């Protein structure tokens, strides 16, 4: 689920972001429920996992394309935020995993929870035992669906800019992309999704090589003087959301840590992978911005010359289409388990028959979700603004606010003063950035929508 490091064995992502240099092992009998926390406890372990199946990374690198746009509005402070976000996300990932463990009667540290949802429910118990889980599920669904929308948006944008002479609008390209994605409604398990992941990785390598090679070929013309210390007060909060969104991975960390062969290496893995992601992101964003300076666009590949742009964008579109099934399937599983399969607490009848087959109306709802992502992509076709909005709304909440809050609530008596200070500081700073980024992203979307309506 790594958005940033598209190499074999990396997982992390929507939603898909944050880095992780450990092979992802998915329970062979389950889907993404175990990953998102929507699944049941049966078969989960405290030290061992079911027979795992290695997955290639499915979602690598797409959203790093918006980072140069963040440097455009933030300058050196944008680069600092890429580093700062890596440090904070690494820390909150560790404290989130710490919330999975408690000390038993013998003084041993044992794993008593399995997912982000379990942690949230534990924090709200006993008065509201399911409230926390529902909040986390809603945030997950928003982030996953927004990720799907972004894939459709970027596909339409890239195809339109690759073939500007064709009489096909960006909206039409989005419709064509969605037609290709409609079979996602028939997905049954993660195994079918993982088959696409190797192709995504290969496409990502080609994209990175082409973009970086072109930027390095223009190194003599790099505009160092354009990188400033001042910020665009109105647009910089959007950049914060973009940066945060590219790091989000917390909802998957409990499952990842639980499926590691040696969970004790989790902290080491988090350190090295966030360092790697920080360096690669920072270099990519800076090199790309230095190449195009004030002409930097929301999707950096749109700045490439027409001949190279067409090739790179076709690879990117292929990668986007191949990446779409994973967040879509994850969103479907969370929705189905929360609304249709939650026992007596389910809001609607089970969408699966007695033979385990999906009912026709359940399939209709899946198709409706695909169409919904298309409609959003058509009416709000702004990649950077949508990315900033999602990062500010759910990314900051899942990565900054909730982990620090849960850590304080569950482990308050065992925390040292500097842990309390870090948690409170992250909660306050994350809250300010989240509100500010959300408001400015929303204002930007409203302004863009008005401009489109006038046109």
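Just so it is clear, glycine is given a Cβ too, placed from its N, Cα and C backbone atoms.
Residues or ranges marked as domain 'Amino acid transporter transmembrane' in TrEMBL: 59-441.
Per TrEMBL, the feature transmembrane segment maps to 78-101 (among others).
Through the fold, the transmembrane segment (141-160) approaches residues 13-16, 36, 59, 62-63, 65, 168-174, 176-178, 181, 248, 251, 298-299, 301-302, 313-314, 316-317, 320-321, 323-324, 327-328, 330-331, 334-335, 369, 372-374, 376-377, 380-383, 386-387, 389-390, 393-395, 398 of its own chain, all at least 6 residues removed from its boundaries and within a Cβ separation under 8 Å. Residues or ranges marked as transmembrane segment in TrEMBL: 141-160 (among others).
If you look up TrEMBL, you'll see 196-216 (among others) marked as transmembrane segment.
Summarising the annotation, TrEMBL assigns transmembrane segment to 236-256 (among others).
Positions annotated as transmembrane segment by TrEMBL: 268-290 (among others).
The annotation transmembrane segment is assigned in TrEMBL to 310-335 (among others).
Annotated transmembrane segment per TrEMBL: 363-380 (among others), in sequence order.
Marked as transmembrane segment by TrEMBL: 386-408 (among others).
Residues or ranges marked as transmembrane segment by TrEMBL: 420-439 (among others). Long-range contacts of the transmembrane segment (420-439) within the same chain, counting only residues at least 6 positions beyond its ends with a Cβ under 8 Å from a Cβ of the stretch, are 88, 91-92, 95, 237-238, 240-241, 244, 388-389, 391-393, 396-397, 399-401, 404-405, 407-408.
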Q: Between the transmembrane segment (386-408) and the stretches 78-101, 310-335, 363-380, work out which stretch tops the count of Cβ pairs under 8 Å.
A: 78-101
Q | Cβ contacts the transmembrane segment (310-335)/the transmembrane segment (78-101), at least three under 8 Å, sequence gap 6 or more | A | no
Q.
Same chain only, please: residues at least 6 beyond the ends of the transmembrane segment (78-101) with a C-beta under 8 Å from a C-beta of the stretch. Say none if there are none.
A. 18, 67, 70-71, 109-114, 116, 118-119, 122, 231, 236, 239-240, 243-244, 247-250, 253-254, 257-258, 266-267, 270-271, 274-275, 277-278, 281-282, 285-286, 399-400, 403-404, 406-407, 410-411, 419, 422-423, 426, 430
